[in-house]
Amino acid sequence: MRTEQRINDIKSFLYSYHFSNGLRTTISVVVPSLIFAAIGQLGLGIAMSMGALCTALSDVPGTIIHKRNGLIISTILIFITALGTGLLLPYPTPMAFWILGCCFVYAMMLVYGNRGGNIGTGCLLIMVSILGETHLSPKMTVVYAGMVLLGSIWYSLLALILWQIRPYLNVQQALGDCILQTARYLELRANFYTPGVDVAANYKAVLAQQVIVNEKQENVRELLLKRRSAQQGTTSINKSMVLIFLDMVDLQEQIMASQTDYNALQRDFRQDDILGKFHALITEFVEELKNIGLAVAAGQRSLPKTNLKYEMEKVKKAIADITLKLPTLAERTRTIPLTNILQNLQDMAQRIYNLHRLTRLERLKDATIDPKLELSKFTTRQKYDFETFRDNLTFKSHIFRHAIRVSLATVTGYLLGITLHLDRVYWILLTIVVILKPGFGLTRSRSIQRLIGTVLGALFAAGLLYITHNNTIIFITMLLCILGAYSFMSFQYTLSVFFVTPFIIFLLHFLHPADLYNATQRVLDTFIGGGIAFFANMLLWPSWEHNTLPGFMQKMLLSNRKYLELVLKVYAGESNTVTDFKLARKTTYVDTANMMAAFQRMLSEPKSKQKNASKVYHFVVLNHTLTSHIAALAAYSMHHGVQFPRPEYQEITNYLLAYMDQLYLMIDPRTREQAQLQAPINAFDTLDEHLHNLVHLRQLEINEGKGATPTRDEMLETKQVHDQLQAMLSLVKDMGKALS
């Protein structure tokens, strides 16, 4: 089992965007240097390779229009930066102002999202690399900048040609990754059924994984749903990926819909082995999802490996055996949560079989995308206008403060290097540019990761150079290091730095042999740059997450309120459009993930800045649990319909919504005093009485030997809705206590 898991992990990496991107970047960087080295002009080849590398950094997945425009803008800015930096190289004072301006403008490009931020990083990297040149005449500067431009054009053409050859590759990889992360989420939720599990600790892992799943879903939305062909389903592969993604999001809701009182489950069924059976069953679901994810990423078909229906029948029989041991109907109602969980798993199994089917294009003839679903509404539009830039030129903007920090820190590193006559000032600046992030927590973690990776990488490089002087072995190792560095750059930063360090040391070994000196200098400069970045983020207008948490909490609560309102409309006899419902669900998941991500960032900040951490976390857990109960009602109405609506449902809904409005006021200290929590309502008393009568009537029917009857159906539906609403009421009250 462990060997199979390792094989799947390797497959997942080889099929991933990270590896294909690393391979593409490696080819674009290595080829120019090899060609020019063969004709005795390695310096020009390295300049061209740097242009390709910096352009590759700005090339993030997206539609072909965004990709093309991003590459064009990146190419122009990289050339201008290279030319300006080279011309000012002999003049330290003007250069300091040039660095200040470049760092500010390029750091501010984060206002244009991930693509803009990466373009800025690529420009800063080319600036820093040219600062490593000691003697560049104006003529050589023009030649050098021209080679950088040629490298940018070379990478852009390579990337666009590869996109034309395999236009769906990035989408398939992102969708496959999304499915694999959803499988991991389900695997963590399966742990709730492990006997004796620490429920609170597992919740932390579940919430952290939900942040990752949401991030992957957003990536797929941006890559897939912005394609006009995807929205129209004009090709089989487009239609397949859209349908798979829509099913995946629905599956995520069904996973959340399995929410129950796990502490009560552990207490009530501790003596039975039913929880272990559920855990084993859900693990089979996880393996099926992993197989689908790998197949989608590789562009292959997937087939079921386990008969899920047979496995569920075994669990169903185990539940029936437990039920038979209970003497009265009232006691047997304790097994209803188990039956509901199994029913939800049956619905999930059907969806998983459908996902297998959708990977086979010939099976798509009868499949259609719901015409009522307006897919274009599920993507976010990034504005690329000057107003966006101008509106962020204020200290209220954390990106503006970040840009100032980057500018001042980089100039400080440059002046320090000039003053101390350090050989490789650009290594200090490179460390500052790469490590400094808008938030303190990310900068701190990046600093630690970079230091660890640099030290280990330097030791590895020094060790290899000590063991062998065979240039062929060193060169092959350098190529592998390049591939590793670019493949791990976006998701395993420590590993990426570990590979980058030997690559640079081996490169310097060929250019300027001084192996031990290069290794120690690299480590020293990394420590200096990391120290400057750390203190800049600590002292220069720091952005502490506790200041942003109330806003995130309010957005999370509002989106959950909207989701609750739309779901419970159905139980009041009203109807929703598919688009409105799924938009509300998406917004809820996004806002919850954003809130959790902000909370995680706060935990990496100094203890003195972690305000009310336990209360905030408790509030987030309660909100997530509330979302799960809403999802349970949504899934029930979607698959079974509401056959027996009750007037109490509307009264309870209104109470819950009003209560959440007061919670919203309590979050903000400025409106806290205005909040007045609602008094208890009597609707539950009426509903309890009705449910008690149904149980009594059903007991009489059982005594008369009757099987399935309308009374039984109404009792099961009323019990399901009653329990979910009761749980929601308890949760919103606990949220009020957490805020008080």
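Keep in mind that glycine also has a Cβ here, set from the backbone N, Cα and C atoms.
Annotation comment: TrEMBL describes 71-350 as domain 'Integral membrane protein YccS N-terminal'.
Taken from TrEMBL, the feature domain 'Integral membrane bound transporter' covers 415-535. DSSP places the residues of the domain 'Integral membrane bound transporter' (415-535) in helix, strand and coil in these numbers: 103 helix, 0 strand, 18 coil.
TrEMBL lists 34-58 (among others) with the feature transmembrane segment.
The transmembrane segment annotation in TrEMBL covers 70-89 (among others).
According to TrEMBL, the feature transmembrane segment maps to 95-112 (among others).
If you look up TrEMBL, you'll see 142-163 (among others) marked as transmembrane segment.
Look at TrEMBL and you will find 399-419 (among others) tagged as transmembrane segment. Beyond the transmembrane segment (399-419), the same-chain residues lying 6 or more positions past its ends with a Cβ under 8 Å from any Cβ of the stretch are 92, 95-96, 99-101, 103-105, 107-108, 110-111, 131, 392-393, 425, 428-429, 432-433, 436-438, 528-529, 532-533, 536-537, 540-541, 543.
For 425-443 (among others), the entry in TrEMBL reads transmembrane segment.
Taken from TrEMBL, the feature transmembrane segment covers 455-485 (among others).
Long-range contacts of the transmembrane segment (491-511) within the same chain: residues 18, 42, 446, 449-450, 452-454, 456-458, 460-462, 464-465, 471, 474-475, 477-478, 480-485, 518-519, 522, each at least 6 residues beyond the stretch ends and with a Cβ under 8 Å from a Cβ of the stretch. For 491-511 (among others), the entry in TrEMBL reads transmembrane segment.
Residues or ranges marked as transmembrane segment by TrEMBL: 523-544 (among others).
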### Summary
Among 70-89, 95-112, 142-163, 425-443, 523-544, the most Cβ pairs under 8 Å with the transmembrane segment (34-58) come from 142-163
### Query
Short question: which residues 6 or more past the ends of the transmembrane segment (523-544) have a Cβ under 8 Å from it?
395, 398, 401-402, 404-406, 408-409, 412-413, 416, 422, 424, 427-432, 435-440, 443-444, 447, 450-451, 454-455, 458, 602, 605, 609
